[in-house]
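J.: Per TrEMBL, the features are:
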- 16-113: region 'Disordered' (REGION)
- 33-43: compositional bias 'Basic and acidic residues' (COMPBIAS)
- 54-73: compositional bias 'Basic and acidic residues' (COMPBIAS)
- 80-90: compositional bias 'Basic and acidic residues' (COMPBIAS)
- 120-420: domain 'Helicase ATP-binding' (DOMAIN)
- 161-343: domain 'Helicase ATP-binding' (DOMAIN)
- 368-516: domain 'Helicase C-terminal' (DOMAIN)
- 542-573: region 'Disordered' (REGION)
- 543-552: compositional bias 'Basic and acidic residues' (COMPBIAS)
- 561-573: compositional bias 'Basic and acidic residues' (COMPBIAS)
Amino acid sequence: MEAFQLLSRGGVKFDKNRFKPDVQLFQKNGESSSRDPKPKAKDANSQSLPTELDFFKYAEGGHGKRKASEKDGSPGTKRAKLDEDVRMNSDEEEETDGKTQQEDSSVAPQRHRITMKGLNPPQEAVTFEEMKERYSMPAQLYANLAKNDYIHPTGIQSSGIPALLESRDVAAISPTGTGKTLSYLLPIFTKLGSPSSSQQAQENGSGKGVRAIVIAPTRELAHQIHNECLKLAQGRKWRIVLFSKATASTLSDKSIRDKVDIIISTPLRLVSSIQEGSLELENVRHLVLDEADRLLDSEFLEQIQEITAACTHPNLQKAMFSATLPAGVEKTAMGMLQDPIRLVVGLKDTPLPLIAQSMTYVADDASKLPSLLTYLAQPYNPPVLVFTSSQPRASSLAEELTLNGIRNVDCLHAGITKKEREDAITRMRKGETWILISTEVMARGMDFKGVREVINYDFPTSVQSYIHRIGRTGRAGREGKAVTFFTDEDGPFLKSIANVILQSGSTVSDWMLKLPKPSKMKRRQMGKVKRPEIVNNARKVGRREAVKKREMITGSKRRSAKGDEAREAPPSS
Ligand SMILES: Nc1ncnc2c1ncn2[C@@H]1O[C@H](COP(=O)(O)OP(=O)(O)OP(=O)(O)O)[C@@H](O)[C@H]1O
């Protein structure tokens, strides 16, 4: 059966039995992904995935090369056409798999569908034990993997870790929630070997000053990566610093900063210290950009270039990781790497089929709040992450939901204090928050394992933004659900998102796919419509009236107080 028909007939189901080995990678001791008694995201039909959407078939030893609809015997032309649409839609200019594999001696590891480009690509390692043996991974580090429930490597880990351990520069693109963090942290710890304060490191010529740097676009993500580092560092005295105003000030003492092993930071913070002359990076041997496409966009590029220029060690290794890498940014990335290995897990710029995606028409902005309230009146799977397009809208929506009796609503965006942001994250991690309203700041990298549903209250600003936002669910092998509200104004951009949804195995209406493809210029306008700061206009009127009433009462009180004073005052005063 043709994949296109199969999908348009009412969706696909992620067949967990068939893909058991990969799903089990993420499940602790037989833990089921249906922990919650409430109903889960419902699959539209019980078909298994068509071949080309089947990332996990490689778990059964299949060949990694994608061929249109081999299994169901369809000609695959529409599928190929569709792939082409999606690639264009996401600024993708990837060569066909066939060409790639012939020309670049790519390897297709058996367990996952991975495309590897580059000269002499390293052999994948299917177990952590194999990595330990092949690359002399320190015993304590190896033990920490199991301690933290990292039993089997994921696809990106099987290929990415060997590439980094063989001292190659790497550009890696792997879907959200597939374990990219461990893919770059494990090689850093293995290569550094011992904390620089140790005798062993001194003997091995570790030099003075920080040896590895990981850069992330947001404070929250940097914090999360720091926590992952601490898991791997257990049992040894690594000095790992989450760079902040306070830690930067402590490190202004050279004798302290000379003993630091790893720094995790946002770009601006690091650049400030470099410019002040209070941080030297000439001993850095590992530089990682997490969410590389974000870090290489115009907002951060200059800062990244400044950091890179400061890392002057002759053996500097650079690695870039993300779930998305649009063609233009990829060119910049590749230009910064030397003799790189380029790794793509699954289809580039495509979410995992674990996320059941859908789009809901809500006519106009005013109709969104009632639609969300209707949605939340049905059983839903907390915690839910809701994305809005601006900070005031996030705050306003959180307020509205609370006023409408929805419990445990929280809000997180860059407009609140650092302490408020940290508290919101803690509440979310503890499971105290059922609905978290946020902005793009939470779209990338954040790993709340339990997020069951993502709602795009406001339309995403790009295909990449869509992929990262919905990627907050369906993590570590769990299922998730993503709903995107769209208004008439979002109409011109529907096709871009509809193609991504189709590509990853969820159902979309035929009419969406038949919409004209927006031009590149037009796509830049995606999600950037002007929206009111307050999500409930009626409340605005009510608020205005309340303020007016309050002012009238205050004025009248003031006047009567004046009258009283005049009456009480003696005639002579
Ligand atoms: N080998 C493994 N076995 C089990 N769980 C793992 C493994 N590797 C990573 N995980 C878990 O999977 C989750 C997702 O990992 P991570 O945050 O690194 O994903 P990611 O690919 O970086 O996602 P994003 O693109 O959203 O940043 C984490 O909770 C992590 O602990």
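Keep in mind that glycine also has a Cβ here, set from the backbone N, Cα and C atoms.
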J.: Average the per-residue pLDDT over the domain 'Helicase ATP-binding' (120-420) and send me the rounded value.
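T.: A mean pLDDT of 94 is what the model gives the domain 'Helicase ATP-binding' (120-420).
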J.: When DSSP states are grouped into helix, strand and coil, how many residues of the compositional bias 'Basic and acidic residues' (543-552) land in each?
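T.: DSSP classes over the compositional bias 'Basic and acidic residues' (543-552) add up to 10 helix, 0 strand, 0 coil.
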J.: Could you give me the DSSP helix, strand and coil counts for the domain 'Helicase C-terminal' (368-516)?
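T.: Result for the domain 'Helicase C-terminal' (368-516), in helix, strand, coil order: 67 helix, 23 strand, 59 coil.
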